[in-house]
Amino acid sequence: MTTHAIPTHAELVLPAPAKLNLMLHILGRRADGYHELQTLFQFLDHGDELGFALRADGQIRLHTEMPGVTHDSNLIVRAARQLQQLSGTALGADIWLDKRLPMGGGIGGGSSDAATTLLGLNHLWQLGWDEDRLASLGLGLGADVPVFVRGRAAFAEGVGERLTPVTLNEPWFLVAIPQVLVSTAEVFNDPELTRDTPPIKVRSLLEGGGRNDCQPVVEKRYSAVRNALILLNNFVPARLTGTGACVFGSFPNQDDADKVARQLPATLPSFVAQGRNVSLLHQQLQALAKK
Ligand SMILES: C[C@@](CO)(OP(=O)(O)O)[C@H](O)COP(=O)(O)OP(=O)(O)OC[C@H]1O[C@@H](n2ccc(N)nc2=O)[C@H](O)[C@@H]1O
Ligand SMILES: Nc1ncnc2c1ncn2[C@@H]1O[C@H](COP(=O)(O)OP(=O)(O)O)[C@@H](O)[C@H]1O
């Protein structure tokens, strides 16, 4: 994969930040098989980057290949095509992706790419869609897309679509990336999954409180995740994000996080990033709107 995947003639370059699920409770299972959750989302100042340029011929072309994902099934292309169809625009786009986030890591790379595509093309095509409309289109692409569209750290309920913005501390996180792909569907189908955690009120949610109900199942099934948690727990209380595979711990400053990162074995890649209550994507779009 190229590291500088975005050419200089891209007209708009925007970030697609990662997220963490600081806690994740499973309250029950709906008739359609999906699970009712309560989860706390915070963004990181680390993520993918996307470049966009207008095409007058109406075509949507993603120029970056992703292993295991075909062009047409890429969430970026699906988001762009749906926005194009529903808005009725005759315009198309060339799109480039600098993929920095691990796939299927529970840090929301695909969902964030989709949200950045929706907001980026809304800007480039001058559609004037509001956040509500973009978030509801996004929900059809994935449960985590709306929070990236809205760009505010949030307590999420339902399958992640009912969002209450929250203001959290913004510590530094060390995110370790066990080298294994965790299947979200498999975790949610596990008979041993805890599905009856009582609901909590957002105001009673203490920072750092709660737990990730998926963690026991993922630890049991994936030894790479189990070992990463054991390793990180030697330095800091460690937790799984989403359905994994990534695990994280928080630190009051970057130096402390970096020190631990240096002590992890080469077999467990990691990165250090700061928690953000406002996503970098929104900060950049606000700056563009002021120009
Ligand atoms: C649970 C979270 C928390 O952030 O995990 P991560 O994907 O980030 O790890 C997400 O909401 C995941 O959202 P997303 O990754 O979009 O899941 P989807 O592709 O829609 O779902 C994959 C499969 O997981 C199960 N699923 C997913 C979400 C949910 N609330 N209940 C479920 O039962 C369903 O079987 C579904 O077919
Ligand atoms: N642009 C994209 N980036 C990452 N994954 C994508 C993308 N488009 C489609 N996918 C598919 O979505 C799956 C989940 O993606 P990702 O968001 O990285 O994981 P998670 O939801 O666990 O954080 C990937 O395994 C891949 O098959």
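Keep in mind that glycine also has a Cβ here, set from the backbone N, Cα and C atoms.
These features come from TrEMBL:
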| type | residues | note |
| --- | --- | --- |
| ACT_SITE | Lys19 | active site |
| DOMAIN | 74-151 | domain 'GHMP kinase N-terminal' |
| BINDING | Pro102, Met103, Gly104, Gly105, Gly106, Ile107, Gly108, Gly109, Gly110, Ser111, Ser112 | ATP binding site |
| ACT_SITE | Asp144 | active site |
| DOMAIN | 205-268 | domain 'GHMP kinase C-terminal' |
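Following the DSSP three-state reduction, the secondary structure of Lys19 (active site) is strand.
In the predicted structure, the domain 'GHMP kinase C-terminal' (205-268) carries a mean pLDDT of 94. Filtering Lys19, Pro102, Ser112 by Cβ distance to ligand 2 (under 6 A) retains none of these recorded positions. Within the domain 'GHMP kinase N-terminal' (74-151), the DSSP-based counts of helix, strand and coil residues read 44 helix, 7 strand, 27 coil. Same-chain residues that are not part of Pro102, Met103, Gly104, Gly105, Gly106, Ile107, Gly108, Gly109, Gly110, Ser111, Ser112 yet have a Cβ within 8 Å of the Cβ center of the ATP site turn out to be Ala18, Leu101, Gly242.
Residues near Gly104 (ATP binding site) in space but far in sequence (CB under 8 A, at least 6 apart, same chain), listed by position: Leu181, Val182, Ser183, Thr184, Ala245.
In this structure, of the binding-site residues Pro102, Gly110, the smallest number of CB atoms within 10 A of the CB marks Pro102.
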